[in-house]
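According to Swiss-Prot, the features are:
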BINDING   Gly10, Ala11, Gly12, Lys13, Gly14, Thr15, Arg123, Ile132, Tyr133, Lys196  ATP binding site
BINDING   Arg36, Glu57, Leu58, Ile59, Gly85, Tyr86, Pro87, Arg88, Gln92, Arg157, Arg168  AMP binding site
BINDING   Cys126, Cys129, Cys146, Cys149  Zn(2+) binding site
REGION    30-59  region 'NMP'
REGION    122-160  region 'LID'
Amino acid sequence: MIVIFLGPPGAGKGTQGKKIAKKIDLPHIAIGDIFRTIIKTSTSEAELINNYVRQGELIPNEIVNQVIKNFLLSSEYKNGYILDGYPRNLEQAKFFESFIKEKIKIIYFDVSGELLIKRILGRYSCKNCGKIYNRYFLQPKTDNVCDVCGSSTFDYRKDDNEEVIKKRIEVYKTETYPLIDYYKNSGNFYIVNGSKNEQEIEIDIQKILKIN
C-alpha cells in the first residue's frame, strides 16, 4: 500500500502519518524531516537547501525529486509506505509516477489558514523521542516533561515565525492547488477535515484505508 498525505504546513500530516504507519506496519516518510536532516550536514547541498527553507520558499523540483527517488527505491520501502509532503506540484507528481507504478491513495488535509498559523507557531517536539506538542493545543501533562519518555529537552523549529509561515502557506497554495485538481480525477483522492482533533482525524483516515 502506498498512501500520500497532502496538505499545507501545519495540517497534521506528520502526526497522523506516524500514527497510521505504526497501525498498518509501514514506514512513514516525512519529506520535511529528510531535508532537515540534510541541512544539519556540512555540505554545499545543505547550505543551498537551508537558504530556501529560511526564506519560506519551496526547494526546487530537481533537488527534491532526486532525493526522494533515492529514498523510495531502497528495498526497505518495497512493501509500501506513507509519504508525507511529496509530491507538492504537478511536475513532482509526474516524476513520481514515472518510477512508481503501484496504485496509490491520496488523502488531502483541509485546514483554514488561521488555524494553520497557530498550529505551526505553537508546535515543538521532544528532542529525545520526537513526540510533537503545541503550546496552544497540546502541552505535556507535566510542565516541561515529555509524556512519552520523561525528557525535559525540547526542540523549537527556527524557521517557524509568522512571516515565514504565511509565505509558506501562500507558496503552498500556488504550487499545490493545481495538484489537488489533478488528483481529484484519479478515483483515489480523499479529503479529511484537518480542523478536527487528532483522534477524529485518525478515525476518518482509518475508514478511508479500511483499517481497524
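Each Cβ is built from the backbone N, Cα and C atoms, and glycine gets one as well.
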Beyond the flanks of the region 'NMP' (30-59) by 6 or more, those residues with Cβ under 8 Å of it:
13-14, 17, 67-68, 71, 83-86, 88-89, 159, 163-165, 167-168, 171-172, 175
Could you tell me the C-alpha distance between Gln92 (AMP binding site) and Cys126 (Zn(2+) binding site) in angstrom, no decimals?
32
Tell me which of the binding-site residues Gly12, Gly14, Gly85, Pro87 sits in the most Cβ-dense spot, judged by other Cβ atoms within 10 Å.
Pro87
Measuring CA to CA, name the entry from the binding-site residues Gly85, Arg123, Tyr133, Arg168 that ends up nearest Cys149 (Zn(2+) binding site).
Tyr133
Compute the C-alpha separation of Cys126 (Zn(2+) binding site) from Gly12 (ATP binding site), stating it in Å without decimals.
17
How far is it from Tyr133 (ATP binding site) to Arg168 (AMP binding site), counting Cα to Cα, in Å?
21
Largest inter-residue Cα distance among Arg36, Glu57, Leu58, Ile59, Gly85, Tyr86, Pro87, Arg88, Gln92, Arg157, Arg168 [record-listed AMP binders, Å]:
26
Please report the Cα separation of Gly10 (ATP binding site) and Arg168 (AMP binding site) in Å, rounded to an integer.
10
